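Participant: Encoded as C-alpha cells, here's the structure I'll be asking about.
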C-alpha cells in the first residue's frame, strides 16, 4: 500500500491533492475519534472509497469460529467491530452532475487534519461539466466535549456563474463490512448484514434510525439534524436503511450555500430502542444548542488543555516533530471519552484485527496514557477489571486457578482461534497486572480506584497454578509463547518468567498494604509467602558459552535463520510455514529485548549490551510493536542514534504506511510506543520506582527534546539540550523528588532542576540488523 505524501508542518497534516491510489491509507490516517465514536477519513461524497465506517466503542457482531479439527476449550464464537449508521456522506450535484474526483481532477483539492482545532478540513475548487467553477469547503469533527456528537459543515460557493446545486446528505446503515480471514460462508453472512431495523423516522430537517445486531443483540440508535444557511429547499426521505436529506438551491455567481449537519449516537445491550433514540436526539439537540461555533470552541478548549499538559517537541527533525504530535493527538483521542469498553488495536479508525483489543493496549497505550492522561488510563483499566469474572471463567475452562484474561476480545470473552499465539501467550496476564500496578505507582492512588487489587491477586493465583518447581528448587513455566510469535509454545520464556515474577511480588506487596481488602479475596499470609517464594525461585536461562540469555530454554541452540535482503520476503509468516520458523533463530518482535526494558533490574549493563547485540541480529520486526521497544533498549545501551532511527519508524508507522497495512486502521500501540520511545528511550524515564527516574540522551542530529509527564498528580516539563536537562514543575505542589542519572533532586514551584547532559558510553559497538531489516524510514 502507498501512503499519501503529507506536507510537513508542526501542527497540520495536509494531503495536498487527492490520489485514489493512496485513499485507503488516508482514510485511516485522517480518521477522527473521541474514543466513543470514530469516523474514517473518507471523502464527503463517499466515492471513491476503499473502506468507510462510523464505529462506536464496544459495538460488535458475533460470527462462528470454524476449526478443521475441533479441540477442548477453543472459542466457538468470534467478534468483529462493525460500522453503525454512517452520517458523513454529503453528495454534491451541480447542474445534475456529481462531484467525483475520478471523473475530473479538481483544480484544487486538499485535506488537512488540524491537531489544535481537532477538525478535518477540506478545500476543493472544481469546474463542473456545465462550465461553472465552484469552491467547496468542508469541516468535520467528532466532539471531544460531547461524546455522542459528530458534526459536518459543508459550504459550496459559485465563483463565476450560476449553478443549480443539490446536496444529498445521508445517514445510512451499510458501510464497508469488516474483513475477517475466514472462508466459512457463515462469517460473511453474519457480518455483511449484521443489523435488523427496529425503528426509523424522518422530518424535513433530518431523522432517526434504530437497529439491532442479529448475534450480539446490541441496539444502536442514531439521529441527524440539518441547519441551512442560504435560500434553499430542504426535505427528508427514508430510503431502505437510510435517512436522506436533500437541499436544493440556485446560486448566482458569488452566492453560497452552507449546510451544518449534527449527528448523535447511543447504544446499549439492555436499553429499549425508544430510550436510545431519545438519547441520540438529545445528543443532537445538545450539539445544535452549542452551534457550530460552540462545538469548534469546545473542541479547541479540550485540545488547548491537551497541548498544555502533553505537548512534545523535538528539534532537528521536522517530520518526526509532526509525527510525534500526530501520535499524541490520536493516542489521546482514542480514549478521550471512552467508558465501559476497550480500546482496540486499531482504535476506532478501521476494522483491522476485527476491532479486538490485545495485550499491547495494557502494554503500551495504558502506560503512556497513565503519564499523559491518567483519568483516561483509569477508565481503560476499569473496563479490564470489569471482565475479571470472564477471566476467572476462562481459567476454569483451562483447568487453572485465578483468572486468565483474553488474548483478543471486544467484550471480555476470549475469541482467538489460534491457541499457540493466544492461550499459550499467558504473558498477557502479567502485562495486564503491570498496567494496573504502574497506574497506582504513577498516580499514587489506591488500586481500589480501578479494581486493581483483585486483578493482581487472581493473576498471581494463575501463575501459581501453572508454575512448576523442579528437584533443584527452580520455578519454571512450560509451554508458553512470549511476545515473539515466531517462537511458540516454549519452556521458560525469559520475558514471561520475569513478568510472572513481578506479578507475584507486586500482588504480595499490594495484599500486605491492603490486608483487609486482601482478606475479602481470601488471601492470607501463607498465600503471599508462597508467591514470594516462587518469585525468588524463578528460573532464568543463561548461555554461558555465548554469555547471553536465550529467549527461552533452547533458543540459542536452534538453527540459524537465513535472512533475505528482499522486502517481499517479509512478513516471514506469510512466506514460510510455522513448522519451519518455530525451530529457527528468527524473532518476529522484541521479546528478550522487551524484558531488558520492563524487567531491567534483572540484568547488568553488560548483559543488556550483549543481549541487545545478539537479538538485534535476529529480529525482523514483522510487528509494528517492535521498533519502539528496540528504541528504548538501544537508548538504554547508550546507542542514541540507533534509538532515534527506531523512534522514527515507530512514530511514522502510519504516516508512511511502514507495515503496509495502515489501510486497516492505525497502529495504536505503536502510536503510544513512539511517545514511550522518546520519553523512556531518549529521556531514560522509568516510572516503576518510588521516585521518577530520568537518564536523558540526545542523538547526534537532535538539538533539543521536550515533553510533559504527570507524576503523583503534578505536571512536570522535561527539556533536554546539549547544555543539559531542565525539569520544571508546571502544576502541583512541591517539592517533588526525581532522580537524574542516579542523583536525587527536589523539584518545586519556581525551583527547576538543571542537570548537565551526560555523554553516551556504550559497552559495545552499535548493533547491526538482519539484511534488509534496518530501521525503515
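The chain as shown is numbered from 1 upward.
Just so it is clear, glycine is given a Cβ too, placed from its N, Cα and C backbone atoms.
A TrEMBL annotation is a machine prediction, not a hand-curated record.
These figures come from a predicted structure and were not determined experimentally.
Straight from TrEMBL, here's the annotation block:
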DOMAIN    15-269  domain 'Glycoside hydrolase family 65 N-terminal'
DOMAIN    325-675  domain 'Glycoside hydrolase family 65 central catalytic'
BINDING   359, 360, 588, 589  substrate binding site
ACT_SITE  485  active site, proton donor
DOMAIN    685-746  domain 'Glycoside hydrolase family 65 C-terminal'
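For each listed feature, how buried is it and what is near it?
Facilitator: Annotation note: residue 588 (substrate binding site) sits in a coil segment as assigned by DSSP.
Residue 485 (active site, proton donor) falls outside any helix or strand according to DSSP and counts as coil.
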Participant: What are the helix, strand and coil residue counts for the domain 'Glycoside hydrolase family 65 C-terminal' (685-746) according to DSSP?
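Facilitator: Taking the domain 'Glycoside hydrolase family 65 C-terminal' (685-746) as a whole: 0 helix, 37 strand, 25 coil.
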Participant: To test your reading of the substrate site: which residues beyond 359, 360, 588, 589, same chain only, put their Cβ within 8 Å of the Cβ centroid of those residues?
Facilitator: 358, 363, 483, 484, 485, 623, 625, 626, 669
Participant: Over the domain 'Glycoside hydrolase family 65 central catalytic' (325-675), what is the model's average pLDDT?
Facilitator: 97
Participant: Excluding near sequence neighbours, so keeping only residues 6 or more apart in the same chain, what lies with its CB under 8 A of residue 485 (active site, proton donor)?
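Facilitator: Non-local contacts for residue 485 (active site, proton donor): 421, 425, 573, 588, 589, 623.
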Participant: Quick one: give me the count of other CB atoms within 10 A of the CB of residue 588 (substrate binding site).
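Facilitator: Neighbour count, Cβ to Cβ under the 10 Å cut-off: 23.
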